[in-house]
């Protein structure tokens, strides 16, 4: 069997990720749980992470069913950046589904061997109540999980979690240490923290959803994998500016509002996120939480890095000490790396890829 994979070309990024294609001979473990068919489902297909994952899955040889929701007027979004991807005409199907109507995901899931649940029903800075957001998030998740069981073909379920589920853990590394998958945020620690950069609704809903997914998998014999990710940065094929890219480049955008500044920036390249998901899909055994974070930089290091590597933006000299920033701890990806995964991108690729995409779309 031959599979075709596209490597990112950091010198010539385009709307489809850029780069030259090379043929790879699939090893015997690819894909172990997908021997009969390479059909997978990706929810929230129009988003930053999901769209890049879809691109990589198609390049890897999988057939993909992507779900998207309609806009506020009930019309489908412009998803030409998905439908025009290489191999999309042969192996990509688009389904309309909404987390407010969990049963709407059933047609997309039927017959799939794996489901990547990337969709989340809110923005991290939303002002909706915790109860409203958490109820909608968990109900949507549970509906999708039940559809996975009903399909009788889904072997592995992936939930895209967030580093907010481990950042606010008080004594368990809350003093600026490093945390791993054994740590869970304490909601009260988060609420008592003076400087916050996300809403309590986002923190509580992500924790509730990840916990519910893991518990559901344990009770029903479904392999559940959760990928705990920090700021995801790098190039993007989606049409809008991803919020995580904007936050990471806030200084270049001339935005020094404190809500966009952190004591420590934990980041990972978008392609490493997609690669990690596919890696865990293709492993014969994968279960539970995996932190996926590769770069950790202090705020002054980010400022110095951007000023030095990208002098054309002429960042102003400022006293960063005057800003009240949220303090965050380090993240350990030891479990993921011990499983055999290798991160491919560092800080320079993370920032340069994001900047090129922003420039190509007129955001910078």
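Cβ from N, Cα, C; glycine included.
Going by what Swiss-Prot states, the NADP(+) site holds 44, 45, 46, 47, 48, 49, 98, 99, 202, 206, 232, 244, and the candidate of 69, 156, 275, 289 recorded there is 69.
Range 1-22 is the one annotated as region 'Disordered', of 1-22, 111-132 (source: Swiss-Prot).
For the recorded positions shown (69, 206), fewest C-beta neighbours within 10 angstroms: 69.
In this structure, the CA atom of residue 46 (NADP(+) binding site) is 20 Å away from the CA atom of residue 206 (active site, proton donor). In this structure, the C-alpha atom of residue 244 (NADP(+) binding site) lies 16 angstrom from that of residue 206 (active site, proton donor). For residue 44 (NADP(+) binding site), the number of other Cβ atoms no farther than 10 Å from its own Cβ, over all displayed protein chains, is 23. Binding of NADP(+) is attributed in the record to 44, 45, 46, 47, 48, 49, 69, 98, 99, 202, 206, 232, 244, and the widest Cα separation among these residues amounts to 24 Å. Geometry remark: residue 48 (NADP(+) binding site) versus residue 206 (active site, proton donor), CA distance 18 Å.
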